[in-house]
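Noted in TrEMBL for the protein shown:
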{"type": "TRANSMEM", "residues": "C:6-23", "note": "transmembrane segment"}
{"type": "DOMAIN", "residues": "C:6-80", "note": "domain 'Glycine transporter'"}
{"type": "TRANSMEM", "residues": "C:30-51", "note": "transmembrane segment"}
{"type": "TRANSMEM", "residues": "C:63-82", "note": "transmembrane segment"}
{"type": "TRANSMEM", "residues": "C:89-110", "note": "transmembrane segment"}
{"type": "DOMAIN", "residues": "C:92-163", "note": "domain 'Glycine transporter'"}
{"type": "TRANSMEM", "residues": "C:116-137", "note": "transmembrane segment"}
{"type": "TRANSMEM", "residues": "C:149-167", "note": "transmembrane segment"}
{"type": "TRANSMEM", "residues": "C:173-194", "note": "transmembrane segment"}
């Protein structure tokens, strides 16, 4: 669907630019900025495709996505100073990316006729793994594991999407509703700082 | 074989629970606990299957393993306080997991008719990589690289298994002997703190 | 081509030995030294093959490469004390590895009839990802992202190689010229400490 393709391009640009800022915080060089941008934007889908044996990977079949994410990462170097004025816009675009990636990931698994649980997992991997790779390459514990409703938003989006399709509703409608619901949940979670409960365990390493 | 399947389920539960404790030590949230549990328990087999092009992955074909490891990780949050009383039991179960994963990994490579060296490596990857992924996601240098007979136990188990089969002995017998030998070696290594010699090099980064 | 095969073996030995030194700086045990050596030397090609669905992986089809890199890593433990006298030789061999891996990676993608941009990326992944895996396993931010002309040398080598072949020049000639150009650029970059500009960004994590 055209709208999904347009949102996908917006999402990989937004993911690449926020990853470029993370690279800048660690004083990476320009090559590092581009690599981190591409890996963050395209890594979730790549890991999904490798796990599900779905070849060729998106960027191998469509190398122009690599060009787009590289340009987005490089552009960030020059517009970084004004990007913090757009802080809220980027939080929104990041949330758009999360839910759009999730729906795309679900679609890939649906096309492969995989079990519904795997469809939801495929959505979550597509939505979340790019950020995990970014954090590993920045030598952080992945943010995904520590805070905020992020994976949870992806799971809720995927469950709504799969349940709606199973119930036989119109595809466009189901997609629109799951996207909006996921987006709303994510923005509310950011606004009101909703968090999952933490598991805190203090015994020594055994 | 039924006994191997039963031991496999016990092993992924034990791996998921010890990973959940590691997540708790880093104050991860509940989603992080579940993800780390699943990745640790099922990651070794997944990496093996990707490297050997053996699809579908175990958890893609049998999603209930994901349900089992998720429940095990979540349950850990509530039973953590009593788990340290069971410390020795979990060390044993972790050792069972190591040798069972190793044998399963060898079997996968044997079915693919791969060279015997790759069969042993396949066992080691299945046995050890889950813990490496856990340590990377926790932002540690993998324990595997630093201490204890762990990879070594996996290699010994795999060599005994492959050698026994090559020598033409009964399959169940060979499996039982390799499992027991690996398990004994691991428990002795823990009991007497056997370590591989370390390579210590102090020159500056060049 | 024979010369490429010979250079490949020299390169994996050199990569394994420098990785073994990195392992020694972190006091890893002998098993960790071997694993880090093998992963660094063979990891770039493995990641490329997984991303491009090019099976079997080099070391699965030719397990003797694993034997070679393991022996190289182990030997490093014993010759480490004299290796710093050979510091410049190893910098040269590491640069040889970078450009040889790059050409080999380009060839794999060319055989798969992939787009030219992906051919160059395939070369870069083959040349650079081994070192990235080494740095992740050593719990460092990958050097690749932070300094020196390394990925850039790989890209220049790949672009020259692809452009030369496209222009219809003799294959051996094109290969020789790209190898030499990449090698020269790398050694000049080391000699004169050429760096890519860094992107430094000080705003707080948002």
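Even glycines carry a Cβ here, placed using N, Cα and C.
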Candidate ranges C:63-82, C:116-137, C:149-167, C:173-194 - greatest C-beta contact count to the transmembrane segment (C:89-110) (under 8 angstroms): C:116-137
Tertiary contacts of the transmembrane segment (C:116-137), as residues 6+ beyond its ends and Cβ separation under 8 Å: 15, 19, 22, 36, 39-45, 47-48, 51-52, 97-99, 101-106, 108-110, 143-144, 150-151, 154-155, 157-159, 161-162, 166
For the domain 'Glycine transporter' (C:6-80), residues assigned helix / strand / coil by DSSP: 63 helix, 1 strand, 11 coil
Secondary structure content, the domain 'Glycine transporter' (C:92-163) (per DSSP, counts of residues): 58 helix, 0 strand, 14 coil
